[in-house]
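Quick notes on the structure that follows.
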Ligand code: SAM
């Protein structure tokens with residue numbers, strides 16, 4: 001197994017059977033080696049710096065009904081909210097003072113009628129914070145909308161493909177949503193010039209090792225600038241309420257694989273990982289991740305953006321808990337970087 005891991009580090013590529021063997025591997029020594037290799041590569045690429053992104057959850061209104069998601073349209077038990085432009089700018093101001101130089105605007109998917117508002121919001125952030133990166137995570141839009149957002153000043157876009165397998169995609173989403181459209185959106189985003197992120201939930205209901213291999217192969221050829229992966233966690237008001245959460249070990253394994261595959265990729269240690277385990281965030285960093293996304297949303301709205309049960313948004317997961325995050329990272333030999341942290345960051 002170590003040979004495969006060394007090969008992945010050197011050649012950045014394995015074939016489907018080799019990825020499968022790696023995903024099935026339970027040998028503790030080999031898995032330790034995988035993490036060490038990924039960590040070394042991340043350290044070589046970024047030093048011991050961890051980039052921070054301020055996550056602003058702009059609205060939990062969503063027109064979609066993804067079976068796994070707590071803010072799905074049909075969930076009547078969510079108190080819906082929408083931040084105003086001034087709320088969002090206030091979050092950015094607070095974040096800027098704390099040292100954030102990337103703001104991530106995430107929210108449920110809204111109809112095209114809301115696009116002009118989004119353009120205005122991006123423009124006002126761009127105007128007030130010319131030195132900051134603006135990342136969007138607002139789901140599927142028309143090519144024209146993506147272009148308008150980009151022209152208004154957005155730099156990056158996160159759109160997880162969730163699963164590359166068509167049948168599995170249908171298992172996770174109702175009719176009307178398709179992997180084909182998701183992939184079309186990802187292609188547009190790249191063509192327009194966004195630093196583009198994709199990714200999956202690990203352990204989503206119905207996911208097999210074969211599906212994960214398909215995801216790895218897709219990510220390898222798509223070559224995103226960011227890869228967002230975190231464990232699936234059930235939400236009590238969804239059709240997957242009784243499903244089991246994804247595995248931390250598999251998530252860490254995938255983080256390491258992606259780091260070895262794409263050494264320079266921006267790879268968050270996600271909130272879902274920190275939610276499942278108190279030291280999940282640190283374990284993600286030690287497996288090769290190099291980004292964390294503390295929550296900058298207004299404190300009184302955070303609990304309404306419940307994608308899954310017990311979602312962490314306080315302490316080191318909160319922007320105001322940066323000191324705590326700093327200490328946790330220091331304990332494992334890392335430090336927060338307050339740089340913008342764009343893709344292709346070259347170590348000085
Ligand atoms: N609407 C946008 C979109 O579709 O990309 C952004 C918001 S969406 C809620 C952000 C991500 O949350 C999804 O891509 C999904 O992977 C993740 N997510 C949703 N429900 C989840 C759950 N139950 N467990 C873990 N992650 C979840």
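Cβ coordinates are placed from backbone N, Cα and C, and glycine is handled just like the others.
Just so you know, TrEMBL annotations are computer predictions that nobody has curated.
Each residue in the domain 'Radical SAM core' (48-270) has a pLDDT score, and their mean in this model is 97. Residues or ranges marked as domain 'Radical SAM core' in TrEMBL: 48-270.
Annotated [4Fe-4S] cluster binding site per TrEMBL: 62, 66, 69, in sequence order. On its own chain, residue 62 ([4Fe-4S] cluster binding site) has 69, 71, 72, 73, 107, 108, 109, 110, 139 as residues at least 6 apart in sequence with a Cβ closer than 8 Å to its own Cβ.
What TrEMBL records for 137 is (3R)-3-methyl-D-ornithine binding site. With a 10 A radius on its CB, residue 137 ((3R)-3-methyl-D-ornithine binding site) counts 20 other CB atoms from all the protein chains. Taken residue by residue with DSSP, residue 137 ((3R)-3-methyl-D-ornithine binding site) is part of a strand.
The 10 Å shell around the Cβ of residue 182 (S-adenosyl-L-methionine binding site) contains 20 further Cβ atoms across the protein chains shown. Per TrEMBL, the feature S-adenosyl-L-methionine binding site maps to 162, 182.
If you draw a 10 Å sphere around the CB of residue 162 (S-adenosyl-L-methionine binding site), it holds 23 other CB atoms from the protein chains shown. Taking only the Cα positions, the spacing between residue 182 (S-adenosyl-L-methionine binding site) and residue 137 ((3R)-3-methyl-D-ornithine binding site) is 13 angstrom. When the alpha carbons of residue 66 ([4Fe-4S] cluster binding site) and residue 137 ((3R)-3-methyl-D-ornithine binding site) are compared, the span between them is 16 angstrom. All protein chains shown were included, and the count of other CB atoms within 10 Å of the CB of residue 69 ([4Fe-4S] cluster binding site) stands at 22. For the pair residue 137 ((3R)-3-methyl-D-ornithine binding site) and residue 162 (S-adenosyl-L-methionine binding site), the C-alpha distance works out to 14 angstrom. The Cβ centroid of 62, 66, 69 marks the [4Fe-4S] cluster site; residues of that chain outside this set whose Cβ lies within 8 Å of it are 64, 65, 68, 70, 71, 72, 73, 108, 109, 307, given in sequence order.
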